[in-house]
Amino acid sequence: MEWPIASEALKKSTEVQLDKWKSEGKGWGRNLSALLQKTVPIHALASLRRRHSWKEREPQLDGQSGHQEGQSGGREVAEQVTGPQPCGGGGCEQRPLDKGLRWTTLLPGPPECLGAEGRLAHKLFRDLFANYTSALRPVADTDQALNVTLEVTLSQIIDMDERNQVLTLYLWIRQEWTDAYLRWDPDAYGGLDAIRIPSSLVWRPDIVLYNKADAQPPASASTNVVLRHDGAVRWDAPAITRSSCRVDVSAFPFDAQRCGLTFGSWTHGGHQLDVRPRGAAASLADFVENVEWRVLGMPARRRVLTYGCCSEPYPDVTFTLLLRRRAAAYVCNLLLPCVLISLLAPLAFHLPADSGEKVSLGVTVLLALTVFQLLLAESMPPAESVPLIGKYYMATMTMVTFSTALTILIMSLHYCGPSARPVPAWARALLLGRLARGLCVRERGEPCGRSRPPESPPSPQPPDGGARPPPVACHEPRCLCRQEALLHHVATIANTFHSHRAAQRRHEDWKRLARVMDRFFLGIFFSMALVMSFLVLVQAL
């Protein structure tokens, strides 16, 4: 295709400028870069090259700086601001004039290859950043504070490390401020009212997370900013934050946590930079639900503090994340097994003493609770306060220990031998009388609510002691009354029988007392286990 012919005035002005630079002996590489920004057609430059017989060594020596500036200030910026422009017709080609003038690739091709919007964006970018610096605060008056609006959107809770007390979040952070040196009239640039440029080219507030628990720099420096014609700058950047959070596990697994994220400027005081939140709370519109924590809210609060290192106040914004733990998994895996085991422990009082498994059941339950206590201790951070489930485990283990000790004591009462002393009178009246009727402990064949009256053992009579009726004269020589030896042996046998019956009755009384104690402690410990389990489970409702 044929290139358009440049105007004679443009060709003549270009030749005059080149002749002037050459006669003065100045390096024209840098000035040529500025001249080329006037969008000179390729064939006009080619004719100028033939006219002045340019050499390759001149741009390499004198035009190298122009090559670097032109390439970094033109091509990269053009690609980032406007992107590649579509070409019409049969295609476009941007040819270098020779090997030494590689920066001539920045020259636009024919006019149809670069649209009006692209040329205006290039021109706007060059006009804005001609004398701009990102090292200083962009305010017209240095005594004026720059207002920065901070908005945080919670996207995901990545991890809550209770042992190390570190909270990891995925946030979308938006910062907005006004740059006094980046303003333009949209009508002068074809109605262009906003551009998107790399954030590293503009001044950015040094707002950091005060209570961060990570030494890595934030991964948000590569995002772009949106620059509007009135100087308003909006910087949206995603960030993964690791912040310290004081975890209170006193009510675990029914606990609620409050974790604060404090944002503020690290070097600018309140007289130079004022940070304020946008809205009363962080946004939860794009939050991804967490399987362990339920988010109740994330209110924002602005504070102005004066630190010991500096006299000027430092404003900051604190977003408090309100969390409540989802306790369903902990209830099923840790709490319910402990409740069932604790309800099994009082049943040792219901086992017959002759079974020989009363003490074994209590020891087995105690070992099972110890295993669950070790599993709980591995998942809990070391803290001064004992968790609620830990208190429940300790109370249950104490109850099982006391029940096992009482079981041993009751078994010793059950196995009292015939040589034991009789049941005391107060125990016979209180325990074997009233308490036995109240607990419905009865002998075999005895109706509930009635107890057999206590019987005093008969006192054995010596064979020749005690008062006897007056002897009656017996004239039979073979009468039994005259067999003194036989009567003595019969009396001895009767006394031994009565003594055995009395010892047997004392043994039965102690066994009955043991059954009454078993029934009494069964009700006491079962009620204690039910009350403790109910108090713990009601926290989950």
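Placement of Cβ uses the backbone N, Cα and C atoms for every residue, glycine included.
Automatic, uncurated: that is what TrEMBL annotation is.
Residues or ranges marked as compositional bias 'Pro residues' in TrEMBL: 454-471. The domain 'Neurotransmitter-gated ion-channel ligand-binding' feature in TrEMBL is assigned to 122-326. The domain 'Neurotransmitter-gated ion-channel transmembrane' annotation in TrEMBL covers 334-535. Residues or ranges marked as region 'Disordered' in TrEMBL: 51-93, 446-471. As annotated by TrEMBL, transmembrane segment applies to 327-349, 361-380, 392-413, 520-540.
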Q) Residues sitting near the transmembrane segment (327-349): Cβ under 8 Å, six or more positions beyond its termini, same chain? A) 252-254, 292, 358-359, 361-362, 365, 368-369, 372, 375-376, 389, 392-393, 396, 399-400, 403-404, 406-407, 410, 518-519, 521-522, 525-526, 529-530, 532-533, 536-537, 540
Q) Short question: which residues 6 or more past the ends of the transmembrane segment (361-380) have a Cβ under 8 Å from it? A) 162, 249, 252, 334, 337-338, 341-342, 344-345, 347-348, 351, 387, 389-390, 393-394, 396-397, 400-401, 403-404, 407
Q: Let me know the model's mean pLDDT on the domain 'Neurotransmitter-gated ion-channel ligand-binding' (122-326).
A: 91
